[in-house]
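Annotated features in TrEMBL:
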- B:179: active site, glycyl thioester intermediate (ACT_SITE)
- B:28-33, B:52, B:60-63, B:76, B:100-101, B:123-128: ATP binding site (BINDING)
- B:164, B:167, B:446, B:449: Zn(2+) binding site (BINDING)
- B:9-415: domain 'THIF-type NAD/FAD binding fold' (DOMAIN)
- B:567-610: region 'Disordered' (REGION)
Ligand SMILES: [Zn+2]
């Protein structure tokens, strides 16, 4: 079943929930309703790379009661994985943990994941790397069949080039796609739901939410020319833009272009973190690492890239020339660079929680899903959401 | 790389050492507790004590990811510890307790004092307030957290330096006038309330004849109505006896149905005044009762028929189906009483997870709804209202636990200076997932953090020579009220400078004031002094701040009694708006009386009236202890949070003197 069918409110092909399921999922059904729970139960998800955030996403989705989770990761357990990936364990005490180093991650994690919720089908693939799948999928249309069996694809800690390829495939199959990474105290998720019929506005159960949102969309319709919503008035069709838009930013599609000077100053730090993350995604695209999921940073090149990004976004602070990096900015940049490629459990928990919730929001129509780029700044606990559109 | 190389890189090796040796307390192993325990363990905290009285329930398993089906009925704290043992660091020490955190015999002040930081992952206000007070005594930081459905918040609290848990008024559950419940319901929730708190309690709960029988509590001035309601209640007591007198369970059940849904309704109908502006109820059709009475072959009351109805708990049951469920539950409940060891004094408490009691409440509420032309509800929905169930999901808990763990780093000045910790709310705006704010200073009218709190150490409480006189002398020596009284009396006269104080032990037991000195030569022990008691000292002019002394026994003391020196007791903060009774003399002494706690109540009301700052700490999804909450909680929480946010925005603007601009980041 395609996600469109799955989300169709008229779709009644879903089998009713059993009383056992209703008892188990009681506290969430009371929040998002039986129908949403039925849709969740029909959803098949592909998750690429277990990782720290991946671990959190897996936990949340398996608990929520999805139909099937297919995990793709052919990496071996490394000691630093144990900092966040709590499924990588066997036995009751520490001695056993040494034994798992070097084994296939998913082989170790599978029993722990399955135990969380025996109702969910968990499948693992440790034979092929994601890169093989991507190369096949891009080269050979038939290999898309592998992706066709899912309703949704998530990548975690994946490099920019692979995300780009993956998003091409998901778009061609009309599959929603999420990409997320944690870098120490910082992180992001990107979402591409292609075109999403947002029914959450029609729901009256969250009056505050609704009125709040409709105010907002009215405002944004007035203040910007289009792009935000498909049609003007009451349509709730949300248009999403592909991963590629993160790589082709300029002052025209800058998410910061409408910020006033004062906002730039009061929100400077979180804007800077957002710019650093966007720069990192671009840097990773331009200078792909040999080890594909570990970005190696050359600080000079990163600086250069950042300068370009400031310029491209026409973003500068305190009357200085674009591209010139201030002392304060440099300090923050130092912190940021120091965090790249680190996994940190609270950040993984927050990002993994918000990403899994976003998927459930998409399936339940209780809240509007994020459109389309969310940043987590662990220093300030801010989680700004930007819409990054395609270059015109 | 080593397992902890990431965190070392992120926060620095030196700070990581502090985390490695930090000893923390986690109160609650539920929704947020499980998540937080995982985060703290992965961050490498040195020692974590976890306290939870609860056992695991099936409905926990959708989010409390450390628990499995096979763990149901086991201790949450112990099971959680066992589960995380699999992935903890070697250096981390874990200590579980299955106990109430408010049990001061198990957990005294000294025990709390061993921790560097306390995490609250609780589901009720009482325990939260309790921890708040403990932390005020110890000046110990703690991080409060809570979620309801999609919403959540994390509030780091640094006692006396930032807003405490009690600084903001917590929502009081809605209550209904008794006459709305008893004679003129208009919403499903009125009928559910009636079924659970009145009818069920009268038939099976503790016998309490005097309750609700005076005019004041009935909330009606219609004499006729009051008499009817009082008679009704007395008749119910007879009906309760019919549990034992009836020939059969069916007879018992039908008698109750006839009385409640026909006779009592007919009596209400006789009070014309009630129905001038309201729709008249229609009593149950007697033929339906007859039908059931004649159901000798048990066609309607066949077990398979009953099972069929009960399995459709999301459906709206028909009148007939409700009657069948009610009879079935009455038969079962009667059986349980008759089969008990001491039937005459056996009582049954309403419990949403006790099928008989829930079936009773659901069906009788619905029948009453039909009589009063109110929409009926499914058993599934009634369970939520009657059982105060708050929706709870894994994702919100994971996020809030993540923020709690993240903010805890600030306690060690890792991300920021600790006073730059952030309060984090989930946001309902489309431009941001969270709504962090800076800490607020404590409220000047907060009854908790405007009190001075110190320790009163006693070498040997059993020492008979330690009299109240000895203690009083020590108090007057060490605690200096001078400044205020200097102006009003002769400076040189030391004795006149001594303020008139009153001393209260425990909640409200007055042991001394200027006109009540009978106890002066009694020993402290005989006056009820013991460890973990709190002594409250007030000046009789009610100008100076109250002082609370926490009693501890300390055998190592060199003196018999230790009270810290307080050089100048500050004045009590003035209340903002003395709206109620503006003429009242502020200097009027407050008297304490065992039997009368009206004074305390009035103070609470004042605070409620005076405060426009408003916050709700939410629950983590388990049912709160308080039995008065209802299903409007969620909606109210959301609006309360919006309200709070508005205030925050306002205050922030005020503080930073910046005009609020609508950010349009996603354009
Ligand atoms: Zn306070």
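Cβ coordinates come from backbone N, Cα and C, glycine included.
Just so it is clear, the model here is predicted, and its values are computed rather than measured.
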Would you mind listing, in sequence order, any of the recorded positions B:28, B:124, B:179, B:446, B:449 that have a CB less than 8 A from a CB of chain A?
none
Entries of B:164, B:167, B:179, B:446, B:449 which, being recorded positions, have CA atoms within 10 angstroms of residue B:28 (ATP binding site):
none
Anything from the binding-site residues B:28, B:62, B:446 with its Cβ under 6 A from ligand 1? List those in sequence order.
B:446
Quick one: among the binding-site residues B:28, B:31, which has the most Cβ atoms sitting within 10 Å of its own Cβ?
B:31
Measuring Cα to Cα, how many Å separate residue B:449 (Zn(2+) binding site) from residue B:127 (ATP binding site)?
17
Given the recorded Zn(2+) site (B:164, B:167, B:446, B:449), which additional residues of the same chain have their Cβ within 8 Å of the Cβ centre, ordered by sequence?
B:132, B:163, B:165, B:166, B:442, B:443, B:447, B:448, B:450
Whole-number Å value for how far residue B:127 (ATP binding site) lies from residue B:164 (Zn(2+) binding site) (Cα to Cα):
14
Minimum Cβ neighbour count within 10 Å among the binding-site residues B:164, B:167, B:446: which residue?
B:446
Under 8 Å Cβ to Cβ from residue B:52 (ATP binding site), same chain, six or more residues apart: give me those in sequence order, or none if nothing qualifies.
B:27, B:28, B:29, B:30, B:33, B:75, B:76, B:77, B:80, B:97, B:98
Determine, to the nearest whole angstrom, how far the Cα atom of residue B:31 (ATP binding site) is from the Cα atom of residue B:167 (Zn(2+) binding site).
25
Secondary-structure category, per DSSP, in which residue B:179 (active site, glycyl thioester intermediate) falls:
helix
Could you check what DSSP calls residue B:167 (Zn(2+) binding site) once collapsed to helix, strand or coil?
helix
Rounded to an integer, what is the Cα-Cα distance in Å between residue B:124 (ATP binding site) and residue B:446 (Zn(2+) binding site)?
20
If I restrict to non-local contacts, at least six residues apart, and a C-beta distance under 8 angstroms, what lies near residue B:100 (ATP binding site) in its own chain?
B:53, B:127
Nearest of the recorded positions to residue B:62 (ATP binding site) by CA-CA distance, picking from B:167, B:179, B:446?
B:167
